[in-house]
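According to TrEMBL, the features are:
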TRANSMEM  B:6-27  transmembrane segment
TRANSMEM  B:67-85  transmembrane segment
TRANSMEM  B:133-154  transmembrane segment
TRANSMEM  B:175-193  transmembrane segment
TRANSMEM  B:258-276  transmembrane segment
TRANSMEM  B:281-301  transmembrane segment
TRANSMEM  B:374-398  transmembrane segment
TRANSMEM  B:418-441  transmembrane segment
TRANSMEM  B:491-519  transmembrane segment
TRANSMEM  B:539-562  transmembrane segment
Amino acid sequence: MENRERRIENREQAGGISFLYHSLFSILHFLFSIPHSPPQFSISNKQMKTQSNKLFEAALVQTALKQSFVKLDPRVMIKNPVMFTVEIGTLIMAYVTVYSFGHTGQGSATYNFFIFLILLLTVLFANFAEAIAEARGKAQADSLRKTREETPAKVLVNGRIETRSSSQLKKGDMFVCEAGDTIPTDGEIIEGIATIDESAITGESAPVIRESGGDKSSVTGGTKVLSDHIKVQVSTQPGESFLDKMIALVEGASRQKTPNEIALTILLASFTLVFIIVCVTLKPFADYANTPITIAALISLFVCLIPTTIGGLLSAIGIAGMDRALRANVITKSGKAVETAGDIDVLLLDKTGTITIGNRKATNFYPTTGGIIKKFTDACVLSSLSDDTPEGKSIIELAKLKGETNISAAPAGSAFIRFTAETRSSGIDTPDGRRIRKGAFDSIRNIVQKAGNVFPADIEEQVKKISSNGGTPLVVSENEKALGVIELQDIIKPGISERFDRLRKMGVKTVMVTGDNPLTAKYIAQKAGVDDFIAEAKPEDKMNYIKDEQAEGKLVAMMGDGTNDAPALAQADVGVAMNSGTQAAKEAGNMVDLDNDPTKLIEIVEIGKQLLITRGTLTTFSIANDVAKYFAIVPALFIASIPALQSLNIMNLHSPESAIMSAIIFNAIIIPILIPLALRGVAYKPIGASALLRRNLFIYGIGGVIAPFIGIKLIDLVVGLIV
Amino acid sequence: MNTELLGVVATYLLTLVIAIPLGKYLAKMFAGEKTWTDFLRPLENGIYKISGINPKEQMDWKQSMKALLTVNSVWLVYGFFVLLYQDKLPLNPDGNPGMTPDLSFNTVISFVVNCNLQHYSGESGVSYFTQHFVLMFLHFTSAATGIASAVVFFKAFRDKTTSSLGNFWEYFVKSITRLLLPLSLLMAIILAFNGTPTSYEARDQYISLQGDTVNVSRGPAAGMIAIKHLGTNGGGWFGVNSAHPLENPSYVTNTVELIAQMIIPIAMVLAFGYFIRRKKLAWTIFGVMTIGMFLLLIPTISSELGGNPAIAKMGISQTAGAMEGKEVRFGPAISAYWSTVTTIVSTGSVNSMHDSTMPLTGLWQLLAMMVNSFYGGCGVGILNYFIYLIIAVFISGLMVGRTPEFLGHKVEAREVKIAAVITLLSPFLILTGTGIASFVFTNFGDADWTVKPANWLNNPGFHGFSEMLYEMTSSNANNGSGYEGLGDNNIFWNISTGLVMILGRFLPIIGPVAIAGLLASKKFIPESAGTLKADTMTFALMTFAVIVVLNALSYFPALALGPLAEYFTLLH
Amino acid sequence: MKKYIIQSIRLTLVLMILLCVIYPLIVAFAGGFSKGNGGGEKVTKDGKVVGYARLGQSFTSPGYFWGRPSAVGYNAAGSAGSNKGPSNPDYLKDVASRIDTLLKYHPYAKRSDIPADLVTASGSGLDPNISVEGAKLQVKRIAEYRKLDEKTVSDLVEKNTTKPLFGLFGPSLVNLLGLNLSLDEVRIGNRE
């Protein structure tokens, strides 16, 4: 792909810069062991296939650098109250620098200029954090969008086919696609069936089938038709597809702060106000103590104290959350949805494809009483030789495994009987006159009884037993006489119960939705380790279940694809529609999964939690930093007139000037150092809320107290040489 | 361990022995369950009937707060005029004059808000009538206001989702009839039999052993001293408060007064747990508060027992500890304990002069009042603590990856906004107040005021700064103790501290009650493994960290220029 | 709102009767049975009131045990502490001169014999007590002035010393008025 090549190229260009960042980050990592590996997803390893995992690519860095300056516009800055006050401080310092050229009393112009410069950098760093997050998100979305732009579309106009550019397609337009065509835009198949290669979107190479009328009628722009011919109706206006909406969200135009972000902003603003009060009142206090304080010192103290670290990274964290969702191939319609995902209490999962791998496997052969096992097994194998379904193959595998058969090919001249919906059985007619049939219990019983034979009671009993154990029985007959039963079992995905364990530790209850009878459902639910199940589920059952849980105050997430899922998707707090699903489903949910992977919900929950955790831990880190900064700056302010306060200079910093300078340098550079953490997110560990709090409090709280002591001291050692 | 320290330990243990069962009783009593004090019901019904109150009428948080503000306004207006004209009213045997308007303004606010700053002196500034009908009356009602507000707050968390938070008047009346009045009666009688005067006799005169003529101020003090401690008011009968030999005659009365001021604050914390049926939560909160208290208490005792280093240089014996401003019958250890107790529970009564305590003691006193929630005042202590708790809930909720929630209710922007404003309020009032005072002192020292600003301070240098900082901190915390060297009976201090007191009282009551009311009306979310529980050690630690960090960050520069600068200078 | 105002006023009035009339009257009634009948316990000498048992009074004559410095000169109608801060230079000068005075009157004493309470002002200005060390310091001076043997004076100090509560809690202290009264009694006894 063109995209991928460009990226490889970029990676080389970006080598220098990213090396710098990575080495800085590894220092930080070393200092307080911040886990920075991306979240580990054990089942779906598809995501990130098409995306680069690099944090800083040269092109993006360039855009972000430019944006950092554009964002200095006070009208933009005011949205972030913390950084806005820093900007004001910077302006004041600019004035003080100019003033101190011709006047005395405010320190040297050079010193003031340096302070000004560092403050400016602080603001730029914060802007850069936001800009790089935006750029990454945008690049991610762009690369998805690119594939679908400017594709020629064969539009049906009054029964004739006209070729137009995809960008001119309007909602309601019809177009046709044939084998080899790229689908120009999102739409719904209204006629025909086709195999489609969706690898451009999902990274999954296996083609999928899409057809009109069902729940698999949706096609996505940029995917390729491999066979057949379809007629498609355009489902979105140009520029209004989910992807477009998401890009707008990332770019900030329509980005709205999420509830938690608003609350946190309020808290940070109040901390900022506290420090405004602290710094303003320090002036009369110092006058009382006959200690002159320069404006540079006051502003430095102020900037150090206000939570610039979290203030500077806050919006980057939010954007990165959406970006991480996108990297997992999930399009979110709002930032709030990602955040809500972190709060989910109940997860509704479809059985097939999520908990079990879609196919059942043969696990046992039960010949009728008195029957010979070898004969029965042979019959099973013969009947399955031409059966290409996974079930059929698994029968042969099992027989070989048991060593009960030596048949490897059908006798020459055999006639295979294919499975049809009417007969609900398949089989083989051998040249030596054996008519072997394999099928559902009632269809075989029909065959047997029609021929006037007695259907053995022990087989009937075995069939019931298998059903109640969550299996599916297949009865085999030869010449209209029942030979025995094959037990097929749903195969629970490997590792799924560990995942449910993980969810349980997060406090999320899992609910399996299945069309199976309650007995089977219960069996599978137990085996897979889900907490609850809805058996013989009808769409309204899902809806009712969601409503009941919500009435208890719980937040519910579900995944769906069909039109009949739409109401439930809309009702759920987090509704994830599969991209292959119908337009109605996609409209109703607040996320769309491009991979059509039902286990994606688990990842989404983790992304949501990560988002909140990153905000919380960086807030803690930011506030904890203030302790050390006080010990750097307060003695520096007063040492000249109150020598006894030297006792507070526990870091033993070189001079008052170097102490102040070191503190604000630390304050500035901690922002870019933490950008990678903000973008990648703090890892979520499902170890229970209290343990997680302990862990994060230890790393970011205690670490946040200690790190600046070391950092400021180190910077002071360097600055002390100059000042 | 010497007898003085043993006395401290015994006093605290006795306090717990009384406070714990009292907490259980309060929870039952306020919940309307059967208690042995039910015999007082006819009295309460009488009060309701005369006042036209229907105690069954349910109020939401807004109505409760409206009732609170209304009745407090009535007292403010009433008290202001009575103090102004006390010279024209009966029961003034010593012929004390009426108050100036600014002093009256300050005094009435100070007593309505449970602060009791007392810019007057009890012997000469008030009459027996105002001591009773204004000051002691407000001792009862201001304490009951705090307790009733806390019960409204409790009620919000008792049920899963509710907007009816009981009847404010009922809680208020029951606080008096079933708690404050009976305990006061008991305590006043104990004091009376240990030497505190109770009669309405006027000032006395005698000729001393060596022939001096001495005037003796007296009066019915015991009743007021009892409620001033039980209600964590602190406003005493005499000028020097419980350092006065008639107000606090012996070690026994000292112990009684110490216990009295602590039991209701502690009991209210425990009552919270019993009331909302989450005992562990209350014990966790109690644990944090207790640790906070000991972290203040231990260095305070150590600093006082260490004595004054400047006096140590003179070569005399300070084996007992620092004695300036202290009474021999108490000694430095229990006086240090008192100074911690009175600053954490916002009583503000003193048995030694805080202005003369060691610099670090001053630091701990100031910090105790800045935190103002290690047990805290009657009822309001737990409300103050709740603000810290909400901030801790919010930050730690984020840290565990879940929208923050407290007791099954989501904490969202509106609640955080209220908590943020209340958090902001204390530094704003304390620092701005002290800042303005410093500014006036430095720049307008010679202003032609009744008391020249230059003459405000009884002590020069850092200690003088501490005097101003202490006055504002004490006003904001509704504590009422003071560095009494400060010349505070003048328009500047009367008005400024008056405003600080009134803002520092009602907003921190309304804020937490509003948050509780808002939370209570939200949907109840059952707990899951992902829920951060508020009654764990970890969360307790988090709350403690929030308390320490918020206060340290807000006040470090001010404290560095006051007590810390004095300490280090004295040391070198 | 109006409802609340009316309720507030009526509630205030009814509580005033309970809290400001009934309550203090009960206390006053009960206090009537205490020593001093609720007006403060008085100390008499020869039928004349010479002080209040709980209140300190000024002793400056060399024949009496001296009490602690008082910021108000033991004025029992206007209690106050000095409110001097520990680092106040004027205050430290005062303390130094008090030490000098004590050393002058107790030439036999070392500096380290002087307990802090004798050179620092009490909180109330009415402290009725001094420390045991403070009394011991003065024994020799009193004995010389009153021409008594030191043992007699020491015994009086011992007699007027209050031990910690139950022997366990709180400081030991000397009741100054009681001690000086008993000194006077000894002197009278000697004369007779």
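Glycine is treated like the rest: Cβ placed from N, Cα and C.
Note that the coordinates shown come from a computational prediction; the quantities given were computed from them, not determined experimentally.
Long-range contacts of the transmembrane segment (B:133-154) within the same chain, counting only residues at least 6 positions beyond its ends with a Cβ under 8 Å from a Cβ of the stretch, are 30, 59, 61, 64, 68, 71-72, 75, 78-79, 82-83, 108, 111-114, 116, 126, 165-166, 168, 171-173, 175-176, 179-181, 184, 223-224, 227-228, 230-233, 235, 264, 268, 271-272, 275-276, 377-380, 382-383, 386, 509, 512-513, 516. With a cut-off of 8 Å on Cβ pairs spaced 6 or more residues apart, the transmembrane segment (B:281-301) and the transmembrane segment (B:374-398) reach 3 or more such pairs and are scored as touching.
Just going by CB pairs under 8 A, the stretch in B:258-276, B:374-398, B:418-441 that sits most against the transmembrane segment (B:539-562) is B:374-398. Contact counts against the transmembrane segment (B:258-276), taken as Cβ pairs under 8 Å, peak for B:6-27 among the stretches B:6-27, B:67-85, B:175-193, B:374-398, B:491-519. In terms of C-beta pairs under 8 Å, the stretch of B:175-193, B:374-398, B:491-519 lying closest in packing to the transmembrane segment (B:67-85) is B:491-519. Highest Cβ pair count under 8 Å relative to the transmembrane segment (B:374-398), across stretches B:6-27, B:175-193, B:491-519: B:491-519. Beyond its flanks by at least six residues, the transmembrane segment (B:6-27) meets 35, 179, 251, 255, 258-259, 262-264, 266-275, 282, 301, 333-334, 337 of its own chain at Cβ-Cβ distances under 8 Å. Within its own chain, the transmembrane segment (B:491-519) has Cβ neighbours under 8 Å at 60-62, 64-65, 68-69, 72, 102-103, 105-106, 109-110, 112-115, 117, 119, 145-146, 149, 152-153, 156-157, 163, 165, 380, 383-384, 386-387, 390, 406-407, 409-411, 414-415, 418-419, 421-422, 425-426, 429-430, 433, 436-437, 440, 449-450, 453, 456, 471-472, 475-478, counting only residues six or more beyond its boundaries.
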